[in-house]
There are 4 protein chains.
Amino acid sequence: MAGNSFGQLFKVTTFGESHGPALGAVVDGCPPGLELSEEDIQQALDRRKPGTNRYTTARREADQVEILSGVFEGKTTGTPIGLLIRNTDQRSQDYSDIKDSFRPGHADYTYQHKYGVRDYRGGGRSSARETAMRVAAGAIASKLLEQQGVRIIAGLTQMGNIKIEQVDWSTVRDNPLFCPDVDAVAPMQELIKQLLKDGDSVGARIRVEASGLPPGWGEPVFDRLDADLAKALMSINAAKAVSLGAGFDAVAQRGSEHRDEMTASGFCSNHAGGVLGGISSGQTVTADIAFKPTSSISLSGQTINRFGDEQAIVTKGRHDPCVGIRAVPIVEAMTALVLVDHWLRQRAQNADVKHSTPVITR
Amino acid sequence: MAGNSFGQLFKVTTFGESHGPALGAVVDGCPPGLELSEEDIQQALDRRKPGTNRYTTARREADQVEILSGVFEGKTTGTPIGLLIRNTDQRSQDYSDIKDSFRPGHADYTYQHKYGVRDYRGGGRSSARETAMRVAAGAIASKLLEQQGVRIIAGLTQMGNIKIEQVDWSTVRDNPLFCPDVDAVAPMQELIKQLLKDGDSVGARIRVEASGLPPGWGEPVFDRLDADLAKALMSINAAKAVSLGAGFDAVAQRGSEHRDEMTASGFCSNHAGGVLGGISSGQTVTADIAFKPTSSISLSGQTINRFGDEQAIVTKGRHDPCVGIRAVPIVEAMTALVLVDHWLRQRAQNADVKHSTPVITR
Amino acid sequence: MAGNSFGQLFKVTTFGESHGPALGAVVDGCPPGLELSEEDIQQALDRRKPGTNRYTTARREADQVEILSGVFEGKTTGTPIGLLIRNTDQRSQDYSDIKDSFRPGHADYTYQHKYGVRDYRGGGRSSARETAMRVAAGAIASKLLEQQGVRIIAGLTQMGNIKIEQVDWSTVRDNPLFCPDVDAVAPMQELIKQLLKDGDSVGARIRVEASGLPPGWGEPVFDRLDADLAKALMSINAAKAVSLGAGFDAVAQRGSEHRDEMTASGFCSNHAGGVLGGISSGQTVTADIAFKPTSSISLSGQTINRFGDEQAIVTKGRHDPCVGIRAVPIVEAMTALVLVDHWLRQRAQNADVKHSTPVITR
Amino acid sequence: MAGNSFGQLFKVTTFGESHGPALGAVVDGCPPGLELSEEDIQQALDRRKPGTNRYTTARREADQVEILSGVFEGKTTGTPIGLLIRNTDQRSQDYSDIKDSFRPGHADYTYQHKYGVRDYRGGGRSSARETAMRVAAGAIASKLLEQQGVRIIAGLTQMGNIKIEQVDWSTVRDNPLFCPDVDAVAPMQELIKQLLKDGDSVGARIRVEASGLPPGWGEPVFDRLDADLAKALMSINAAKAVSLGAGFDAVAQRGSEHRDEMTASGFCSNHAGGVLGGISSGQTVTADIAFKPTSSISLSGQTINRFGDEQAIVTKGRHDPCVGIRAVPIVEAMTALVLVDHWLRQRAQNADVKHSTPVITR
């Protein structure tokens, strides 16, 4: 059934295949009066754009977004915002090698079984190209959140076995790897070169942080802020794990260590990752996401075709040795979509809540 | 806004506070004709029930479920199934110590800020007591899935620093810790004794596996099977992380290692955890979940009250040194709710899909 | 699939069969801080209760509602409100006559075909008894709306061929027929006596008005205020038509007559029924609903049984000669559910809207 | 909040303003394998297109639809179908007369109050131009329904005071008024001429029938087939009333007359309009809808502007003297959207239902 929408009050619906005529999105529920231009969205798209640097896929797409509705005289009107990106670089490639074959690690086999038919060109709907529209919608969400004092930032904290030492957000936007540790950039670039030489790929770990949220966002018991974040982040192509705060490290912690004690000047630690009982605590929301290594590599792999015959396959085309790099702006976008939705939900039900409990400093 | 429902086609809505008159659930969308008795549900509830063994909380609740609707002459009718459990062991306890204070690691502070008011007795709605209804609803989902050949099993794979060596599902239901490694049970029990002595607690890691799914369940691009699992599992009290298949280990893997190659007799590995492109592949779905250590411990902690005053707090009452143990049946239940929903969704849209692609042996 | 919930932000889910153990509802999304007691709900239920007067069914149900959750120390907490009514007057009646037969005008035949099984006792889920929970939930919605200055009132404006001359709301709650024209009460009572003698029934027309709404409620283009009202009112048992404002009379009107012109002191007429473009205009929202005559009558009718055999059937039991009478409080409840949902929706998206356009006096 | 989507399993989301760059829709949930071309959709659009005949608005729009996704090699793939229509005839008209003024009978005043801002050009989002996308989506739904043996047809049964005598569907597609009574066409055309001369407009009544449904579609208790139809039809611009079967005439009927008795060869009548208890009975579903007279007329009307000043207004531009005519294909489209959604919902939950109850001949 319909599974291409995200959000309840700020609802994003995307459509489009990798090699079809266009990608698009509808953002329904954006409050009126927000100043919004195509340039606002384009900036976010450009960060994700393939071909931006030599470390990501060589496919060159203009990714020029067009706003089709919902904005009038430079401001949102409260009506749905239609967004469109034409696909321009669909090379008349020969897809006969994957038309009937299932590339290992890809969704070819599962799409075939689910639908009985699939647009095999470049992975069709299962391509990460779809995430361009998430970034576009996320740019609108981010603008709204900024007005609420919320800031979202993500970065690459691990590539293969290279883990960064320390997160320093100040430099994360200055390097092509979105890495928040300048010392790790050079070794990571070395690794990429090696992977390109090997025809192989590697996984990545991304950290995202959202600061400036007031306490109170998130809807127990199912639509918790952390649960919705988990879904949003796990819905990104190639994601294999999501954790909040201490994450899997919490398993070995004692309760006396993990519980974040409180003083009048703030929480003493943030093992929770900014969410308690599914509701934001006002601390920085912190999540980590694991991305698997790119499945499209030039090393031959064993597979079957759609008639059940075994065969070897090499994925041709232009691909990233580490998809995780380009996932950084997508992680930010999905985080923004979750937060803006919960901001509106909180406002709907609890707009009148007034009480004297002080908000402690983070 | 409304956040107490889970699922699209098999929709579960729960209500009830820890120390209110009752807990309840409505299961809307269960297909008709399923044989269902209170005993079916009771069996599942008994596995989760507090007071079942000395390693979990001493609160003694009969947790006797009553089916209020939707079942006639022993079979479901297709109309909503109302479920009720009366709370019986709400001791007339003195809650004055937490009425105005925020226990660290609990949702007291966030509920106060979200709603401006809270039922502080035993944590109110934020108590894990709510999960009894998830287990009840999950029992119905499990019965439906069994008829489809799907089997779900979960177990405790790590407690504190004690990791199990090998998963052996054959014994998991025979020990009070739901541990799938008999050799780990004794050391885990030792750890619990030590924690009880220390007045402290520890985290846990749980693995869940679902086998027998056909390829094709899951709805890209947002309502992916893995994304919905991530949400479902992260929505369980105390969950801090969710991973599928290789999870965070995928970060350090090479693409040539991670991608699960295929032969005519099946997949060569299962790093994906049974999901490709958000759709089940027919392999066993495998997920791991991290649970934080119980926040309710008898060691004094620093906190503030609702007027901003600093104070020390000791959580009284009956609590688990490791909440993760009782989370095992809840993990199974939430997994079942996700799968049954996606089974119905797949059936709605793709009931007519017929194709000749062979399903490979797992 | 799941079809037993109503509303997006103020979501009501009902369950229960006519002759099962209980009826229930969950109200999810009620803002916190509302003073709410069982008595508040009971008053609304008592207006709908069967057996209240000799003109409605003789089934005697206490219809005693119990609040199971979501209210603490007399106020709502923002968590879901569980409501329960035990069925007490399920006479050990012999239902063998309808077990395998399809009463004409009833849902017996359609339930059998939809589900393959049905709880035939008293109509099971298709019984109007389910509407008790709508009235209960509507009572909560009405309390919230009153705080917003919105008042909802409904009355019987036609029974069979007896149409009232003039709507006078001041007396509508003083007569057992909820008729807003005192002069029509006596002839209507005569008609009922005649129908009881004849063993027949008759239809009814109800008008509902909601005043005090600000302009701005309703979400184009599908979730318009009038569209949601149409669904809500048509979802009441026995409803056959819904109209807003001029309704079917608008067909014969000229545009110059229908369009409600405006002056600085207000609209010159209200043919629109208080909704323009799917959004409330600030005028009184006015709707009319047609209810069919009760299908359960003591005159023999022709039907078939579940094996396809033809037979004559007489519906035994205790029934209303005009179901429309008891529909009055249900119409008010459903109207309240629509309005409270749109109030919250408007607040979510447009809480910040500030503009200088004056609101004209109705 | 988000209100621009319709349907649960076959979900349609529309966007676009009357004078913006484009209109669009996303159809999410269409089963795979359906043969679909732009021509299929274009045919439906051409029936609704403005400027098709002299009786409807002179605005000339190519209304050329483009399929952007979800179709591959001539068949749907199960992924979302993106549809786009560029606006081409947005005359550089002077809208200064309505920029700050509220046309009576239009949504100008309510949009201004809801959003604080509005795209006033041609009514912006509130324009009936949006319904082009409903017709486009409805064309896909109709193709699916035809494969299930369901056929939908609508026609103009009343214009102003001219009521048709007899419905004869055989000729309805042969006349420009979509009138199912050839004898009424000439007088209706006379009326239109008179209205054009007068600068006035008139309302319309449309009947829609859906035949070929099996018994079992519709989800009690809220998402009844008739309730969802009422919402769908009332959500069309200018709709003021919706009725099923006997509709308001049911008020004056006796139960012995209204209830549709059954014999082995079928129902003896169809006062119910094909729906019992919210579920299709297998009889023809029959609904009537009232449309108000066009508000855009050239007769001067009294209104206020956005500063509260009184003024007279004449609506310039190209408009229909009877919007009801062009509503015919929209009514068919919305009916199709409801039915296809309920077909999928029925299949999800009740695909396995097997029983021996015979389906009676209509």
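Even glycines carry a Cβ here, placed using N, Cα and C.
Predicted automatically and left uncurated, TrEMBL annotations should be read as such.
The NADP(+) binding site feature in TrEMBL is assigned to C:ARG48, C:ARG54. Taking the Cβ of C:ARG48 (NADP(+) binding site) as centre and 10 Å as the limit, one finds 23 other Cβ atoms among all the protein chains shown.
Look at C:ALA238 (FMN binding site): DSSP puts it in coil. Cβ neighbour count for C:ALA238 (FMN binding site) (all protein chains, 10 Å cutoff from its Cβ): 22. Annotated FMN binding site per TrEMBL: C:ARG125, C:SER126, C:SER127, C:ASN237, C:ALA238, C:GLY277, C:LYS292, C:PRO293, C:THR294, C:SER295, C:SER296, C:ARG318, in sequence order.
Annotated pair C:ALA238 (FMN binding site) and C:ARG48 (NADP(+) binding site), C-alpha to C-alpha distance, rounded: 16 Å. Following the DSSP three-state reduction, the secondary structure of C:ARG125 (FMN binding site) is helix.
Candidate binding-site residues C:ARG48, C:ARG125, C:SER127, C:ALA238, C:LYS292, C:THR294 yield C:ARG125 as lying near chain B, with Cβ-Cβ distance under 8 angstroms.
Secondary structure from DSSP puts C:ARG48 (NADP(+) binding site) in a helix. Cβ neighbours within 10 Å of C:SER296 (FMN binding site), excluding its own Cβ and spanning all shown chains: 23. Sequence-distant contacts of C:THR294 (FMN binding site), defined as residues of its own chain at least six apart whose C-beta falls under 8 angstroms from its C-beta, comprise C:SER201, C:ALA238, C:HIS319, C:ASP320, C:PRO321, C:CYS322, C:VAL323.
Residues from the set of binding-site residues C:ARG48, C:ARG125, C:SER127, C:LYS292 situated with their C-beta under 8 Å of a chain D C-beta: C:ARG125, C:LYS292.
In the structure as shown, the Cβ atom of C:ARG125 (FMN binding site) sits within 10 Å of 28 other Cβ atoms. On a Cα basis, C:ARG48 (NADP(+) binding site) lies 14 Å away from C:SER127 (FMN binding site). Here C:LYS292 (FMN binding site) is positioned 18 angstrom away from C:ARG48 (NADP(+) binding site), judged by their C-alpha atoms.
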